Amino acid sequence: MWGLEVLLLLPMASFALYPEEILDTQWDLWKKTYRKQYNSKVDELSRRLIWEKNLKHISIHNLEASLGVHTYELAMNHLGDMTSEEVVQKMTGLKVPPSHSRSNDTLYIPDWESRAPDSVDYRKKGYVTPVKNQGQCGSCWAFSSVGALEGQLKKKTGKLLNLSPQNLVDCVSENDGCGGGYMTNAFQYVQKNRGIDSEDAYPYVGQDESCMYNPTGKAAKCRGYREIPEGNEKALKRAVARVGPISVAIDASLTSFQFYSKGVYYDENCNSDNLNHAVLAVGYGIQKGNKHWIIKNSWGENWGNKGYILMARNKNNACGIANLASFPKM
């Protein structure tokens, strides 16, 4: 046991022994890699202290992972100078309506008779567009919604097109644009509006603008939506297998999520009652004995595993992944 304790202290000791030589070089390299600039020396110092704290967390976690404590690894990325609280505040955006309740009219009834395949990956089927970056705009709900619509468009027409999250940010009056929103509100908008523009017709700018929807740029329509029974991962698995990519909501508030790199993500501190981020389930499978969901995020390809994360499946609805799952009808 003493050996483990000594090992766990090694990363902390290395930071204490080489505060200037090692950290200065790594800090400069990180700033150059991600083109970071700061308004003042004071601002840079405060950001560096956050970065150092995150780097220590990553180092210790990965040591524990090498000893079998965790099923996933972390890595420094472009969010290195942000706290987890700042990430949630600036880069998530899920807002569930206070009056939200499921109705029988929109409830998805799975086909329990036929067996779902052991694994599915819609990236390999051509249902998934490239990873996008929402930037510091609380528009995760728009990217999640667009991803589900893109999958259904591919399924129906055979064509994969980038649809416009900015169209949703600007035009879904029931949501709050970069201030946050909810996926079923987006699906309802597309249904009532009789369409959503393509990304080419209505490009993403990452801030709230006036609604500029143009029917000539319309690329997809929607006939409504269905919601997965709350907290039911088996129903979610059936939906992913039978329907396509599904919009889901998760708790993305932990530092472990912020710096996820590879492996199957499971953090017992992830709170299924604290849903703050919308993402897209594009498949599921198993890696080294660990069942997982394949999740597409909207924080760019520099985050996670080229923009994706494998999240634990069938582990008591980890991170609340099956609590607010839905998809559009097309």
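Glycine residues also receive a Cβ, built from the backbone N, Cα and C atoms like all the rest.
Quick look at what Swiss-Prot annotates:
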ACT_SITE  CYS140  active site
ACT_SITE  HIS277  active site
ACT_SITE  ASN297  active site
DISULFID  CYS137-CYS178  disulfide bond
DISULFID  CYS171-CYS211  disulfide bond
DISULFID  CYS270-CYS319  disulfide bond
CARBOHYD  ASN104  N-linked glycosylation site
SIGNAL    1-16  signal peptide
In the chain carrying CYS319 (disulfide bond), residues 6 or more apart in sequence that have Cβ under 8 angstroms from it:
ILE250, ASP251, ALA252, ASP267, CYS270, ASN271, SER272, MET311, ALA312
Using DSSP reduced to three states, classify CYS211 (disulfide bond) as helix, strand or coil.
coil
At the level of the C-alpha atoms, what whole-angstrom distance separates ASN104 (N-linked glycosylation site) and HIS277 (active site)?
25
List the same-chain residues at least 6 positions away in sequence whose Cβ sits under 8 Å from the Cβ of CYS211 (disulfide bond), in sequence order, or say none.
ASP170, CYS171
Rounded Cα separation (Å) that holds between HIS277 (active site) and ASN297 (active site):
9
With an 8 Å cut-off on Cβ-Cβ distance and a minimum sequence separation of at least 6, pull the same-chain contacts of CYS137 (disulfide bond), or say none.
GLY93, VAL169, GLY177, CYS178, GLY206, GLN207
For CYS140 (active site), what residues in its own chain, 6 or more apart in sequence, show a Cβ-Cβ distance under 8 Å?
MET91, THR92, GLY93, LEU94, GLN134, HIS277, ALA278, VAL279, SER298
For ASN297 (active site), write down the residues of its own chain that are at least 6 apart in sequence and whose Cβ falls under 8 Å from its Cβ; none is a fine answer.
VAL131, VAL279, TRP303, GLY304, GLY307, TYR308, ILE309
Cβ neighbour count within 10 Å of CYS171 (disulfide bond):
22
Under DSSP, is CYS140 (active site) part of a helix or a strand, or is it coil?
helix
